[in-house]
Each structure stands twice: as C-alpha cells, then as structure tokens.
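The block underneath contains the structure these notes are about, expressed in structure tokens.
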Amino acid sequence: MGNSPSRVTAQDKAILDLKTQRDKLHQYQRKITVLTDRETAIARQMLAKGDKQRALLALRRKKYQETLLQKTDAQLEQLEKLTSSVEFALIQKDVFFGLQQGTKVLKEIHAEMGGLEHVEKMMGETAEEIAYQQEVSEMLGGRISNQDEDEVEEELAALEAEVAAKNQPVPVQPVPQVPLPNVPDTELSSPSRAEEEERQQRQRQRQEERQAMLA
C-alpha cells in the first residue's frame, strides 16, 4: 500500500501565506532604507534652496512609508501568534481576513515606494513632476496621523538647523597683537670734553710706550 498524500490544512495554508508576507515585508524594509535616505537628502537640498514646502513633502512621504512598514510588521507578528494557536479553528476567519488585509497593505506599500525615479520627482520642476508632487501631497493629507505630522515637523526643524549651520560663514580669528618695545624718547648723550681729553691722553701714552720699546 502506498503512502497517502499529506493533507494541507487551512492552518498550514495560513502559515505559508504568513511567511510569504513576512518575506516580502522584509524585502520592502531593505529597499525602503535606500529610498528614505534619498528623501532625507532631498529635504536638505530643498531647504538649502529655501524651498521649505517641498522639503516638508519629502519628509512626510518618507514618514508615511516608514509608518506603513511598522504597522504591517506589527500586524503580521500578531497573525503569526494566532496561526500557531491551538484555537486556530475558532479564529480561522479572523486570521484569513488579517492575511487579506496584509496583502492589500503590501500592495499599497509597493505602489507607494515606486523606486528612486519617483523619489527624484520630489524636487523636479517640470509640469509632470509638479503634478506628481501635488498628487502625493493630497494622498498624504488623510493618511498621516497628528503624531506623525509632529515628528515630521521636528525632523524638518532639525534639518533646517543643520543646513543653517553649514551655510554660516566660519568666523575669522583675530591676529593677536604683540606689543612693540618702547622707543626711548631721550637722546643719546655725547661724551664730555674732559672724557674726550682723557681718551686722547691715553692714546698718546700708548704711542709713546710703543716708540720706547722700538728704540
């Protein structure tokens, strides 16, 4: 008698779907790091140009993507606990609904991330790029919480301070003034007449002594 094929249960399928979603989420997490780093750099560039509005938009888009990943990660972690529960049969419907929602959110993340070419549009000047920026701004309008908005404003303020510090000229250190020695204000005294006569007398005496030695 041959071995009967193993039966795939609903719980097995849920666990497989869950692992697939976790793997995909981890791929997005690695990819989004590249995108969010670039969005931060774009925000700096915009602030350096004085374009605070587009700097803010880049940071809001970055925050939204990060928040999506965090929420999805937390949801999948909860589903992982549920699928391994002995009471799976009782919560099967909820688990599959959660997996469906997870798939939907992952698709949304994929659509939002787009790629670096979409990120670069955040600082473009063409009509198409400006329309894209407007579309992103409108989309983010109802999807970022007040707390996220506050965090974005804090990050923007920190970047503004950083850019301002880089643009500030380096102060020139003053050269220390070395005091010059005082010039004497008194004239050098010339030798007195008596001193001059004494000097000449000594000179004559030395000449006489030399002549006596030669005689």
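Even glycines carry a Cβ here, placed using N, Cα and C.
Per TrEMBL, the feature region 'Disordered' maps to 167-215.
The annotation compositional bias 'Pro residues' is assigned in TrEMBL to 171-182.
Positions annotated as compositional bias 'Basic and acidic residues' by TrEMBL: 193-215.
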Could you give me three numbers for the compositional bias 'Basic and acidic residues' (193-215), the DSSP helix, strand and coil residue counts?
22 helix, 0 strand, 1 coil
For the compositional bias 'Basic and acidic residues' (193-215), could you work out the same-chain residues 6 or more beyond its ends whose Cβ comes under 8 Å from its Cβ atoms?
none
